[in-house]
Amino acid sequence: MTSIDPADTFRQEAADLLEILEQSLLDLERRPGDEDLVSSAFRALHTLKGSGAMFGFTAVSAFIHDFETAFDKVRKGEAPASGELIAAALQAKDHVAALITDAASVDASAGSEILAALAAAISGPCEPVWRVNFRLPENALMLGTNPVLLLDEMRSLGPCNIVSRSEAVAPVGDIDPDYLYRAWALEIGGPVDPLAIEDVFLFIRDDMELTIERSGGGGVENAAADEAPPQAATASEALRREPEREAAGVAQKDKAATLRVPAERLDELMDRVGELVIAQARLSQIAVSRHDPALVSIAEDIERLTSSLRDTTMGTRMVPIGTLFGRFRRLVHDLSQDLGKQVNLVTTGEETELDKTVIEQLADPLVHLIRNAMDHGIEQSEERRASGKGDTATLRLSAAHRGAEVAITIADDGAGLDTARIRAKAEASGVIAPGAVLAEADVNRLIFEAGFSTSQSVTSLSGRGVGMDVVKRTIEGLRGSIDLASEPGHGTEVTLRLPLTLAIIDGLLVRVGSGRYTIPLAAVEECIELPKNAGEMRGRSFLDVRGELVPFMRLRDLFHAEGEADVYQKVVIVSSGQIRIGLVVDQIIGNNQTVIKQLSRLHSSLKTFSGATILGDGTVALILDVMNLVGFGQKLEESRRDDVLGRAA
Amino acid sequence: MARKSTKTTSADGTVYALPQVLDLKAATPLAEKLMSLRGQNIVLDASKVERLGTQCVQILIAAAATWKDEMAAFSIAEPSDSFTSGLQVLGLTPQAILEKELAQ
């Protein structure tokens, strides 16, 4: 059994809390008066501090203590959540992350500078306002309590606005002058300690109603004490316990709703389910061969349960892409400042779920795409104004399910791709021949070629010719694809299309010669019989499928299969993006749950196969990489066409 | 200490001059006095008031509400600075007694 290092547990929790902190800070920058955001940031800090101390991260705890103190002033309304404060707080957050990773390698003076920046940011004047509601006991006057003296004492604490209220006013004949029928609502400005407010009522506190609430700067609405909650908690207790209670409340809610499980365990579980699927396939095969109805029935039950278990297990690995999107807000925030461009990041579809492996590998490609959009796509403010656009550019990051895929789109409203410059650069660097006839979309796609960059100057962000080709490679490695659309003057849209999971897929098992292969079912459009008259007519391999010409390739030829081809060969028509291609096979065996096993390093360079799977009889079937096959088919088609044209000439 | 008050009439109704001292001890006599004027339009002359306590403020508020319920006129005339400040320390104004409080 895996033993878990408590420090790792803290690091995991800290990573989540730091993310919450960062999101809150970034939101606060846009909504500086939002008390919920301030509370959220404070809670994250408070929990981090407590956990840090508990797990022995003393440097972290000590730093956060000062960080928290600074932010507490914002929480109390004593300092504004200014841009300077947010900037310093974001640096402080990064510093905390560095301390958690390796405190020994962090320069202590950097922390001091950040804390000094935080202190400077909160030193500005700000009018805090405390809202106090109180109702004295009915017999207060009889006991010698004079509300006038209490109110005078309150006035001595700071500028006061007092309103006296009563509930129902009794007729004058029913009034007992010795009883008190009044309640008061006050607003006190200035740097008032809430405990000092409570101390005013020290000797009568037990029998009275008292609520003390902080209100953000800029004044508060008059509040009637009569409207105060009848069972208000002791104000000091409430104030002292607030962070703990709120943090604990969040933690308890989280604990009730979720369970933190190490990712390795999920991987192990997935492997076990994979093995179970294979074992189940073997059982099904044996059951069918024995012709025993009872065994077949059990095998079918197990198949159903295995399928259900597979779906549930895969569900546990699904992570909302919002966890990834959240990181980019900081990236856009920082890049906006570095580039001097005003960019508003709009995200949608954060709830869209993807396999955690896919999410993990998506981070770098998305960073590259966002950097490129901000560096190359989005114009400087003057240029935008000249084009009739607003100063602030919009960068949209969205995710949505599309069938068995997830589409992630990065769209900007910038200048769009400069097709002429891309072509010039491609010709100059030998990527395409000078004057080559290419559609505009094809020219634009050249930005994904290795070593390609049109940036006039190399910046720290982009222009070094690395990045976009890495994006393409990574996405293709995830069995995904990239769509690119650009309109000059209006912006660029890059869409990444990715499979939902990489672990188990539904596959179509086919036979080619003596070998068996699996084709991802999501890519299969239809299966037809290969017409007898289908052939390489005029050097071109096309099938007429209901009036549409679909190129096809014979997998027997591709795999150099031995022996005679089946008399009635089948064509599996697969698609990738807009392109369709027919794959000629000897036999279609049927659907199967395909547990994907990665190919060894020795075979990793094979483009035709994306992996392998173990069949019910224990043999191995290779999984066809449809996207690469389609590309290969296209090239094959082009070369044949060139040959034919060459011969004809 | 003797607490003197006078009562006259005006076009607005019976004028009742409030005593100089409206403290704890003055509360019950004030309530009784006002009860005796119940049903009449009254004007409270607050010009002589030098001290105003919480108890008497409550009586005045209750009286204003009672007079309003009974559709009779109830007003406060020439409030002294002490009367006004006595209300202010409690978060009230003469107008609040007559209007705001009644409007609740």
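Note that Cβ sites are derived from N, Cα and C of the backbone, with glycine treated the same way.
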Of A:215-253, A:371-409, A:449-487, the range TrEMBL tags as region 'Disordered' is A:215-253
Reduced DSSP state (H/G/I helix, E/B strand, rest coil) at A:His46 (phosphohistidine) is helix
Summarise the model's confidence over the domain 'Histidine kinase' (A:298-502) as a mean pLDDT value.
-> 82
In the domain 'CheW-like' (A:504-635), how many residues does DSSP assign to helix, to strand and to coil?
-> 20 helix, 71 strand, 41 coil
Would you list the DSSP helix, strand and coil counts for the residues of the domain 'HPt' (A:1-103)?
-> 84 helix, 0 strand, 19 coil
In all the protein chains shown, the tally of other Cβ atoms within 10 Å of the Cβ of A:His46 (phosphohistidine) is 22
